[in-house]
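All remarks here apply to the structure that follows.
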Amino acid sequence: MSVLLPLFAALPLLLAGATVLLRQPLIQRTALVGSSLLTLVGAVTLLLVHRVEPVISHSVGSYLPGVGIVFVSDTLSSLMLIATSFMTVFSSAFLILTGEDRYRFVVPLILMLTGGVAGAILTGDMFNLFVWVEVMLLPSYALIAVTGYWRRLGIGRMFVIVNIVTSTILLTGVGLLYGAAGTVNLAALADRGADPQISLATGIILFALLVKAGVVPVHGWLPRAYPATSAGVMSLFAAIHTKVALYAAYRVYVTVFDGPAPWLPILAAVVVATIVVASLSTFGERRIRGALAFQMVAGVGQILIGLVVLTQASLAAGLFYMVHHMVTMGALVLASGAFEHTYGSGRFDRLSGLMRRDPWLSAAVAVGFLALVGLPPTSGLWGKLGLVLGSATAQPALRWWLLGAIALASVVSAMALQRVWREAFWGAPMKDYLPDDPTTSRGTPIPIADDAHVERRFQWPAMALMGVSLLLFAGIGVVWPVFETAASNLVDTAGYVKAVLGR
């Protein structure tokens, strides 16, 4: 099975090249959805394999351990492959339903993006992590320009500049790490964080990854760039970009450091600030997807609590919350996209009475809001509960800050999302709507029929994903042990080192 690991990255990249030449819609759609489904099946197979063999690795070209390009898989990486490929299927389906896959090169760009994601998840060394992150980012620049609205070029420039700068910082950190340790192989760096030079270099790498994840105070690019794209692309970015950066942060931090890093208080302060500031910033948004973008940033902070506390239970809770957040945020973004596609705008002041026009899709949004706050019957309850229990075991100096941030974020988020619900979903159904004009961003009132509603084909991706959140809530007894195993394998680096280096 290990020899097939490179195919997770190679297959989407090969299909990306093929779909540039083969532009027939049926071929492109089959390649787009089929590639993600194959990755999903392969990832589930990997998860089953890891019940017997916790870690498997493959060195491309059969070079000696520590020399060649290494692909490594364990329970955590297989879970991430399952989650990212699963979300890619739904995002791609929505893009196809709305016709955005017909834009030139959209399908090859998404395939290239997914290939980079698989490579970043499975890579076993720091330099190739940088390479795969760049493979993931390059098509993202083009996707923002192709699928966004009239402001996309200016916002796209900001997205490009931020990621170029952080990629430079990431590469600098990798270079410093090689100079300090003589290797960039992650297995060879296991538990070497006590060395001040290695600690500094790793800190620089983690800083770059956290900027890419969108932490405060360097988060402003994310709420501006993501809503400027289409809903299908935003759901893809929400499930992939920030989460791959967070996965890499988990992997690097826990592997290199045998305990809390010297700069842990700085990380804790960033996490608390991210949770609180992003939750409060939700109040300032006028668009549904803009509000969701700030909730996405708040979720990044809550996921990072697992690293701050750094116990097996907190890591499992953080990983579960990451998957929950991918599913919930993807569902909400796609639901918002369905409303925008039908009524022409996602602004609160241009929408009203959506609950009466589209009760089922609106109910799915309500469930999603409950999930973000952390209320039953959604997966958000177990995620928040796990983070609270993990925070309760943190150092006394951090414990109350983390617990206070979680509680404040839940209350503030509930109030902010209630405002979204009151303005867009409650009240009398609107009699006309104001679609955004692509050149002026000012709408002209258009009468709307009393029986107008979102077509069923645009509703099912969001509703299906929200159903997954409910299933995660109901099936926590089955799902939670898998995340505990992932956290256990992450903490126990001996198996990882043995699989990669043979010692």
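For all residues, glycine too, the Cβ spot is worked out from N, Cα and C.
All annotation found in TrEMBL is predicted automatically rather than curated by experts.
What TrEMBL annotates here:
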TRANSMEM  26-48  transmembrane segment
TRANSMEM  79-98  transmembrane segment
TRANSMEM  105-123  transmembrane segment
DOMAIN    124-398  domain 'NADH:quinone oxidoreductase/Mrp antiporter transmembrane'
TRANSMEM  129-150  transmembrane segment
TRANSMEM  157-178  transmembrane segment
TRANSMEM  198-218  transmembrane segment
TRANSMEM  230-250  transmembrane segment
TRANSMEM  262-280  transmembrane segment
TRANSMEM  319-339  transmembrane segment
TRANSMEM  360-378  transmembrane segment
TRANSMEM  398-417  transmembrane segment
TRANSMEM  462-483  transmembrane segment
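Sequence-remote contacts of a segment are chain residues at least 6 beyond its ends whose Cβ falls under 8 Å from one of its Cβ atoms, and for the transmembrane segment (79-98) they are 8, 29, 32-33, 36-37, 39-40, 42-44, 46-47, 106, 110, 114, 117-118, 121-122, 230-233, 235-236, 239-240, 243-244, 247, 319, 322-323, 326-327, 330, 334, 337, 341, 457-458, 461, 464-465, 482-483, 486. With respect to Cβ pairs under 8 Å, the transmembrane segment (398-417) is most closely packed against 262-280, considering the stretches 157-178, 198-218, 262-280, 462-483. The transmembrane segment (319-339) makes contact with the transmembrane segment (462-483): 3 or more of their CB pairs lie within 8 A, with pairs spaced 6 or more apart in sequence.
For the transmembrane segment (262-280), the partner stretch with the most Cβ pairs below 8 Å, chosen from 129-150, 157-178, 198-218, 230-250, 360-378, is 198-218. Sequence-distant contacts of the transmembrane segment (230-250) (same chain, at least 6 residues past either end, Cβ-Cβ under 8 Å): 76, 80, 83-84, 87-88, 90-92, 94-95, 98, 100, 110, 113-114, 117, 120-121, 129, 133, 136, 140, 143-144, 147-148, 206, 209-210, 212-214, 222, 289, 293, 296, 300, 303-304, 306-307, 315, 318-319, 322, 325-326, 329-330, 333-334, 336-338, 340-341, 490.
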